[in-house]
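Colleague: Okay, here's the structure, questions in a sec.
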Amino acid sequence: MGIKAALPKYEIYFYNTVLCLAMFWAASWIFEVSSSNANRKTFKPTVKPGWYYFGRKMDTADFEWMMWFSTFREHILFALSGHVLFAKICSMLAPQHRSLVYMVYGLLAVWTSMGWTYVTLILSHCILLYSISLVKIRWLCFVTGLFTLATFKCEPFVSWQAGFVEGDFELRNVLFYGGCGFTIMRCMSFALENCERKDGNYNILELLKYNFYLPFFYFGPIMTFDKFYVQANKSDLTRKEQEMWNISLQGLINLGVVIVVDVLFHFMYILTIPTDMKLLKHLSDWALVGLAYFNLVYDWVKAAVMFGVINTVSRLDHLDPPKPPKCITMLYVFAETHFDRGINDWLCKYVYDYLGGKHENVVEELVATLCTFGVTILWLGPCEVVLIWAFFNCFGLNFELWTAKLFSMEPFASFEMAMSEAMSRRIRAVFNTFNFWSIVLYNILALNSLDFAKLVTKRLLLRGFPITTIIVMFMTYCLIQVIKERERRQALIDDPDPLPPAPPPNATPSPTSAAAATAAAQPVADPSKEKAE
């Protein structure tokens, strides 16, 4: 079944209508629960007075959001504004030295915020991995990098290194672990790219420019060294038509999303409610399922805004940063499930694609996914929840390949060839529906808690069976079809179907030529354009 398989318009309209009603229905349940439990005793630590003109309390359970857009908003804006100012001056006066100015400003900003001992610690790791990269042994660079990363995830190394940080302010731990973790990943990218270089070695100054680029230093995203090196050292700083307008528009969109999320935090306490297991057990199935879904949507919104702000600054510096994460609503395939495209690009380039090849061999795919999630576990910090999350996502990724291999065999392949493309799309959407909820349930583990994930699973599959299960799966089926329709339209834009050649003037079309024109107008079967499902 091609990605361009179409359904009747009335069917798509029906799916959109059902989906909108379902969203409003779930949101109304959560709003009712939030309003009736605003003064609950267990809500007091995180539900606090908000904007006084709303007359409602605000959900402040997400430390990252409060840190970024409330507590330390002015500090972050001041640091990024200074970077933009100096970068603009340098790009006008000496564009060939702009990457050096980025490094100097970033180094001074880190020194000011965290102290010279922290800078010394970061430099020591950079020098260590740079020295190892000179040997040009790929596995040695990788092992050294993973061991160095483990020193920020395991005791007693963590406490010992954290003692080098000066000061005792609220943001210290976040900046410490963020700066160190991303530094190691960047140094590993530099070392592995240096191993691939045939003529000589990169200068250590290039590593420092890469690592101390301030917008990416503390919070990412990670841009692999090969891309950063080319873009940061580009001398031609001309912009495309309407590029500045697009950058400004993206900045305004990020600001608008921040305001909308702050408003919604006053009406739906989607982050505080999952922490109260006693309350969760008394909620309806619809409220619980909607709560799980909205938690994942919010996490995507948070990541999109946080990376969007940083990406806006980096685009002003003539860089092309990794795109924001793909919305959880658009995901029904494990192969596309990633909330950080920078980390995903890093893992794909140096682990997953390197070991998995074309991702067609079952054994190679299994080895590649195991190694990829092994590195991911170390990056996130090994614990029970992360291990369970990694196991299920690794299984889901491999199960997709096993299923694709199975249904490409006979008699399944003949069955699908015999049916219409529209019917094939409907049948695949049924299987994608179960895949979608597998992705949702697996990722709830990482965002909330194991108990919350267990409760949602029991309500959806056991206690709510068959009424809740069937209705939720039908609504999800509608969502999948809406997603597929969006992908179909995008595929037609990216790769439009060929049009038949225009007949010459005063020519009478023959039946043979008409048949040939009709055949030419049909979509061309191209395996590379098929959707991996």
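In case you wondered, yes, glycine gets a Cβ from its N, Cα and C as well.
Just lifted these from TrEMBL, have a look:
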type     : residues : note
TRANSMEM : 12-31    : transmembrane segment
TRANSMEM : 75-94    : transmembrane segment
TRANSMEM : 106-131  : transmembrane segment
TRANSMEM : 137-154  : transmembrane segment
TRANSMEM : 174-192  : transmembrane segment
TRANSMEM : 212-230  : transmembrane segment
TRANSMEM : 251-271  : transmembrane segment
TRANSMEM : 291-313  : transmembrane segment
TRANSMEM : 429-448  : transmembrane segment
TRANSMEM : 460-480  : transmembrane segment
REGION   : 493-533  : region 'Disordered'
COMPBIAS : 498-508  : compositional bias 'Pro residues'
COMPBIAS : 509-526  : compositional bias 'Low complexity'
Colleague: Given the transmembrane segment (106-131), which of the listed stretches 12-31, 174-192, 429-448 has the most Cβ pairs that are under 8 Å apart from it?
Modeller: 174-192
Colleague: At a C-beta cut-off of under 8 Å, are there same-chain residues at least 6 beyond the transmembrane segment (75-94) that contact it? List them, or none.
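Modeller: Those are 68, 101-102, 105-106, 109, 113, 171, 214-215, 237, 309, 313, 316-318, in sequence order.
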Colleague: Would the transmembrane segment (137-154) and the transmembrane segment (12-31) count as touching if the test is at least 3 Cβ pairs under 8 Å, pairs 6 or more apart?
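Modeller: With fewer than 3 qualifying Cβ pairs, these stretches do not touch.
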Colleague: By Cβ distance under 8 Å, which residues at least 6 away from the ends of the transmembrane segment (12-31) in the same chain are close to it?
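Modeller: Counting only partners 6 or more residues beyond its ends, the transmembrane segment (12-31) has Cβ contacts under 8 Å with 267-268, 270, 273, 283-284, 286-287, 289-291, 293-294, 474-475, 478-479, 481-482, 485.
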